[in-house]
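The block underneath contains the structure these notes are about, expressed in structure tokens.
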Amino acid sequence: MLIHNLSQLLTLAGEPQRGSELGRLKIIPNGAVLVRGETFEVVGTADELLAAYPNEPRFDAGGGAALPGFVDPHTHLIWAGDRAAEFEMRLEGKTYLEILAAGGGILSTVRATRAASLDDLKEQTRTRMQAMFRCGTTTAEAKTGYGLESASELLQMQALLELDGEGPLELAPTYLGAHAIAPEYKDDPDGYTDLLCRQMLPELRSWWDRHAAGRPLPFVDIFCETGAFSLEQSRCVLSAARTLGFPLKIHADEFDNLGGASLAAELGAASADHLVKTSAIDITALAHSNTVAVALPCTPFGLAQAQYTPARQILAADGLLALASDINPGTAWCESMQFVIALACRYLKLTPAQAVAAATLNAAAAIGRSDRIGSIEAGKQADLIVLSVDDYRHLAYRFGGNLVKHVVKKGKVFTNAE
Ligand code: NIG
Ligand code: FE
């Protein structure tokens with residue numbers, strides 16, 4: 001299939017983009033792309049490709065701009081219920097960490113999620129996945145983390161693997177048994193840390209070998225934060241995970257600076273995420289590593305906080321920056337990477353081009369998949385989106401709607417209703 005009539009084809013060709021490199025979109029005006037099966041085969045101008053492949057079935061993209069499908073590298077996609085009542089409490093002055101310390105917050109979603117059946121969890125999550133896909137996300141990382149006990153965490157993992165199998169949205173799973181201290185260990189956080197290291201992670205490894213043999217191992221993540229896991233506990237859990245072969249991620253500096261970003265760099269984590277209260281020392285450590293800094297602007301926005309990720313400093317230090325939604329029931333119920341881009345341009349001071357690169361190619365790097373997705377290049381998986389507008393900058397400029405008209409996933413075209 002030859003996709004043509006693309007006003008701008010943002011290829012993002014090349015390697016993930018560090019520091020001042022961020023924002024190299026490699027745009028082909030009046031572009032076209034030849035897709036064979038699930039793969040991009042040739043990328044060029046419409047003139048070249050229409051002449052070279054006269055008999056190829058054609059797909060007229062209607063003059064919209066095209067770019068790689070969004071990759072959302074940080075989501076808490078799977079949960080049951082909602083926390084609308086807590087949102088109201090926060091508006092009245094309670095803080096997120098106060099609500100968590102009182103047994104609400106993450107722990108309230110843990111109660112709802114533990115009580116849900118596999119089918120119910122899948123059903124509630126599928127609705128969100130469909131919304132993300134319509135908004136142009138073609139691959140999303142997805143964390144467990146609302147079980148905080150082995151059986152429930154593994155049930156969430158099973159649901160994620162089954163949902164990934166259903167498609168079309170592709171999932172990169174992450175185990176977040178270390179999302180909060182389990183309620184059963186309320187007064188013994190070291191006890192829960194120990195349980196994670198000695199039992200839950202080894203159980204995850206053997207479960208994976210039995211249920212998902214042959215698939216790459218999932219990421220293991222931890223919430224390194226006041227009221228969740230200390231730096232020392234985070235080191236314990238992530239080191240144990242690394243010994244078992246798991247690639248790593250960390251939630252760091254969302255509310256307090258505990259040093260989690262430097263720990264991520266030291267342990268060779270794929271990414272360090274949130275990074276709001278990140279110090280200059282942490283930024284330097286990240287920039288000297290291959291750990292991707294993932295900014296989640298929906299989270300401060302969702303919490304109505306003034307401070308966002310110091311993205312410009314991360315880029316000035318030559319760091320690798322990506323963007324994600326952090327979709328979750330507490331701080332940021334947002335399915336749209338378009339909205340993430342709109343926020344990033346306003347509050348992280350990224351240019352539209354930088355935000356697009358951070359939401360595609362660099363986001364793919366944050367989940368270790370930039371060799372396969374994140375750009376439109378011969379040999380890569382045929383995931384792209386076509387906008388209803390002819391200039392990609394509308395993505396950053398407008399907000400609150402959906403500018404995606406067609407989503408191409410593994411070579412198959414899905415068109416949004418008008
Ligand atoms: O990334 N910070 C920890 N985890 C989520 C919030 C999860 C929740 O509140 O349910 C986050 O913001
Ligand atoms: Fe998160």
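From the backbone N, Cα and C atoms, a Cβ is placed for every residue, glycine too.
In TrEMBL, annotation is done automatically, which means it is predicted and not curated.
As annotated by TrEMBL, domain 'Aminodeoxyfutalosine deaminase/Imidazolonepropionase-like composite' applies to 31-54. Sorting the domain 'Aminodeoxyfutalosine deaminase/Imidazolonepropionase-like composite' (31-54) by DSSP state (H, G, I as helix; E, B as strand; all else coil) yields 7 helix, 13 strand, 4 coil.
Per TrEMBL, the feature domain 'Amidohydrolase-related' maps to 66-413.
All protein chains shown were included, and the count of other CB atoms within 10 Å of the CB of H251 (Fe(3+) binding site) stands at 28. Secondary structure at H251 (Fe(3+) binding site), as computed by DSSP, is strand. Feature annotation from TrEMBL assigns Fe(3+) binding site to H74, H76, H251, D326.
The Zn(2+) binding site annotation in TrEMBL covers H74, H76, H251, D326.
In the shown protein chains, 29 other C-beta atoms lie within 10 A of the C-beta of Y146 (4-imidazolone-5-propanoate binding site). The 4-imidazolone-5-propanoate binding site annotation in TrEMBL covers R83, Y146, H179, E254, T331.
Sequence annotations record features per position, and here TrEMBL assigns N-formimidoyl-L-glutamate binding site to Y146, N328, G330. In the three-state DSSP scheme, G330 (N-formimidoyl-L-glutamate binding site) falls into the coil class.
In sequence order, H251 are the binding-site residues from H74, H251, D326, N328, G330 with a C-alpha within 10 Å of the C-alpha of H179 (4-imidazolone-5-propanoate binding site).
Comparing the Cα of H76 (Fe(3+) binding site) with the Cα of every entry in Y146, N328, T331, these being the binding-site residues, the smallest distance points to N328. The binding-site residues H74, H179 differ in how many other CB atoms lie within 10 Å of their CB, and the one with the most is H74.
Nearest neighbour of Y146 (4-imidazolone-5-propanoate binding site) by Cα distance, taken over the binding-site residues H74, D326, N328: N328. Rounded to a whole number, the C-alpha distance linking T331 (4-imidazolone-5-propanoate binding site) with H74 (Fe(3+) binding site) is 13 angstrom.
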